[in-house]
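Annotated features in Swiss-Prot:
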TRANSMEM  22-42  transmembrane segment
TRANSMEM  46-66  transmembrane segment
TRANSMEM  89-109  transmembrane segment
TRANSMEM  116-136  transmembrane segment
TRANSMEM  143-163  transmembrane segment
TRANSMEM  170-190  transmembrane segment
TRANSMEM  211-231  transmembrane segment
TRANSMEM  232-252  transmembrane segment
TRANSMEM  272-292  transmembrane segment
Amino acid sequence: MTTLIVSSNRIAQYWALTKPRVTQLAVFCAVIGMFLATPDLPDWKIVIAATIGIWLLAGAAFAINCLVEREIDSRMARTARRPMAQGEITVPQTLVFSGVIGGAGMWVLYNFVNPLTMWLTFATFVGYAVIYTIILKPATPQNIVIGGLSGAMPPALGWAAVANDLPMQAWILVLIIFIWTPPHFWALALYRRDEYAKSGLPMLPITHGTAFTQFHIWLYTIALVATTMLPFAVGMSGLIYLVVAAVLDVIFMWYAWQVYRHYTDMIARKMFTYSIIYLSLLFAALLVDHYLRF
């Protein structure tokens, strides 16, 4: 019984390294991209293989992130319980784990999907685990903006998996997530600013102040609203998406305005939480509209 408990705890620790909640949202957006890439239903074998491969490589990237930021995580209440921050998993163990699941993901994508998706997903891995985590995040308060492309790539990965191509429509999906990322993370950085100050990371509220950050959340929100209209503007989606996007955008703008003009930590926290719901519902609306367009 003791052995089973220890094994279960170890599995849970490795699972936590992959940041499962973040991975789930990324993979969800990738799956939506798979369905939007074809007017019919995509091949279920491709969907399953691509989902597994993208999930594995995303998990590998997040494991490297946990490794690199283990000391920073230990100084922040939000992240102090992560396995690397707690010293529950060693550096060699994390490297091996990331290498194994990342390699497995590449193998699945190459053999059961297509080389384009494998290389794009690998490039996304490098973009997040190396360029963003190691280079940009500790160096500039614009880390979220510059490094946001890697986090925005999942729908393009899904599209490439099914179509073996990346047309304009796929990049519109990437652009939506790219513009969504700064207000999403800056809302978190605002109400967690004391923790980020202890971490040593140059997050925007620390380097430029809260008022500057609040204003830029509002600016990016305006840009996001305009960007979410692109699928309808180019004929990629219809009225169902337009109506849902408009409602979601109005709520997002309300939160952003409150953060900008009537700031409290509570409203920033609510905006951060809503931004996750927002992105999920926005992509779900794209999927529903794709098959029920009128």
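A Cβ is built for glycine as well, from the same backbone N, Cα and C atoms used for every other residue.
Of the Cβ pairs linking the transmembrane segment (22-42) with the transmembrane segment (116-136) and spaced 6 or more residues apart, fewer than 3 are under 8 Å, so the two regions do not touch. Pairs of Cβ atoms less than 8 Å apart link the transmembrane segment (143-163) most often to 46-66, out of 46-66, 211-231, 232-252. With a cut-off of 8 Å between Cβ atoms, the residues of this chain six or more beyond the transmembrane segment (232-252) that come close are 36, 168-169, 172, 183, 221, 224-225, 271, 274-275, 278, 281-282, 285-286, 288-290, 292-294. Panel annotation: around the transmembrane segment (89-109), residues 13-14, 17-18, 49-50, 52-57, 59-61, 63-64, 66-67, 83, 117-118, 121-122, 125, 161 of the same chain, lying at least six beyond its termini, place a Cβ under 8 Å from a Cβ of the stretch. 211-231 is the stretch from 46-66, 211-231, 272-292 with the greatest number of Cβ pairs below 8 Å to the transmembrane segment (170-190).
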